[in-house]
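Chemist: One structure follows; several queries about it will come next.
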Amino acid sequence: MGSSQLSTLLFFTIVVTFLTVVSSGRDLPGDYLRLPSETSRFFREPKNDDDFEGTRWAILLAGSNGYWNYRHQSDVCHAYQLLRKGGSKEENIIVFMYDDIASNEENPRPGVIINKPDGDDVYAGVPKDYTGAEVHADNFYAALLGNKSALTGGSGKVVDSGPNDHIFVYYTDHGGPGVLGMPVGPYLYASDLNEVLKKKHASGTYKSLVFYLEACESGSIFEGLLPDDLNIYATTASNAEESSWGYYCPGDKPPPPPEYSTCLGDLYSIAWMEDSEVHNLQTESLQQQYKLVKNRTISEPYGSHVMEYGDIGLSKNDLYQYLGTNPANDNNSFVDETENSLKLRTPSAAVNQRDADLIHFWEKFRKAPEGSSQKNEAEKQVLEAMSHRKHIDNSVKLIGQLLFGIEKGTELLDVVRPAGSPLVDNWDCLKTMVKTFETHCGSLSQYGMKHMRSFANICNAGIPNEPMAEASAQACASIPANPWSSLQGGFSA
């Protein structure tokens, strides 16, 4: 069998596999989650605007680029519109997004971004504070700390908060154990983020801070790292060991409009925003939203466990303190079980964050005319992505076997520490191991983040960098020639 025949066979094997993934779980019972109607149980009487003290600040960050990651920038744009309708001022909302989606040649509605199938444009009016190469971890830290002198490029907008102010941070992208993606430069590491949060607290420049985090293994960003005495409350889309999920994807119920070939949003993000859009947020607490989002986000055989960290006592605060509230929802303080009942759609389908790019490439292939350059390009994209995945998985597995032996290698790389423990003891070691691997094996990319636990366990086992470098060089005799494996964008650490 020739190489072209093998490629074609591999491609259609991939297609069949992922069609099975996409179509699984479509007909689960219970399409809707009906919210309780007991006012006293879930909601309180609204407070007067005059009771609010301080200023609301927000940072909204989409940590990816590429049209296949449409959903992350869509999430951020939606969050911006939600905050503006809630009364937050543009000058107090700082937006980080690569801004390569709205005008992308693949976007079927040029200049428009939507976050749900029948949704309005959420892109119009969104400020471009930090875009393109300006979207990196150091600028995010500088903006959060209010350190204008540390910024590179961008609008110069920072969180210039005072001791009575309330800060809302929302991040959405790919992640892995202990790490969050960034489109430019090194990834954001949990240790660095938590040190920045401690520094912000030490500056005395906020009263409370809420962090909503959408990413795979996002619980690992705060697990064992975020103290409970910083006046910070965080919720995450998943625990420290599992994926988060794309939503409103091709094949979902409901699907995106037929002209779209990508996921429009993410399940956790859609859940908290769609809840916020229909309630008077003066009468709903962070804890109540956490429970509602948690219930919506977990569903077998997919879904994830939404988690909470930090100062759990802050969760009694009203959402209004951080998101404001839309005056149109003033009367939406509770749910009537009959005529006025609110139905939050539970997921009848969702897509693993790490597979959403493959869904996009398959949709491109499926829709492209036979024999067209578009069809050939889509096939190439799938094969390159799968080649990269196979290379990364096999390389990490072989490195584990070289370091720990054939029988114990995989087992030791996959060890999960007890709940409440951070991913790794020495974060500098983790960064060194990542850079060593990428030097010999090419970029981890958004997919390879899943192996961060393996590198952390190599550090936890006390393996020095020299044998790691030798094992990496032996495991990676060659690197696939494709964009995913390229180090053109720099190292991940």
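In case you wondered, yes, glycine gets a Cβ from its N, Cα and C as well.
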Chemist: Mind checking which of Cys249, Cys263, Cys429 has the disulfide with Cys459 in Swiss-Prot?
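Modeler: Checking Swiss-Prot, the candidate bonded to Cys459 through a disulfide is Cys429.
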Chemist: What residue among Cys216, Cys263 is stated in Swiss-Prot to be the disulfide partner of Cys249?
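Modeler: Matching partner in the record: Cys263.
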Chemist: Cα-Cα, whole number of Å: Asn147 (N-linked glycosylation site) versus Cys459 (disulfide bond)?
Modeler: 33
Chemist: Is Asn331 (N-linked glycosylation site) helix, strand or coil when read with DSSP?
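Modeler: Note: Asn331 (N-linked glycosylation site) is coil by DSSP, not helix or strand.
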Chemist: In sequence order, which same-chain residues at least six apart have a C-beta under 8 angstroms from His174 (active site)?
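Modeler: Correct list: Gly63, Ser64, Asn69, Leu180, Gly181, Ala215, Cys216, Gln353, Arg354, Gln446, Met449.
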Chemist: Might you list, by sequence position, any residue in that chain lying six or more from Cys476 (disulfide bond) with a Cβ less than 8 Å away from its Cβ?
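Modeler: Looking at Cβ-Cβ distances below 8 Å from Cys476 (disulfide bond), excluding near sequence neighbours, one finds His391, Ser395, His440, Cys441, Gly442.
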Chemist: Enumerate same-chain residues with a sequence separation of six or more from Cys429 (disulfide bond) and a Cβ-Cβ distance below 8 A; give 'none' if the list is empty.
Modeler: Cys459, Asn465
Chemist: Enter the number of other CB atoms within 10 angstroms of the CB of Cys263 (disulfide bond).
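Modeler: Counting Cβ neighbours of Cys263 (disulfide bond) within 10 Å gives 29.
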Chemist: Whole-number Å only: compute the distance from the Cα of Cys249 (disulfide bond) to the Cα of Asn331 (N-linked glycosylation site).
Modeler: 33
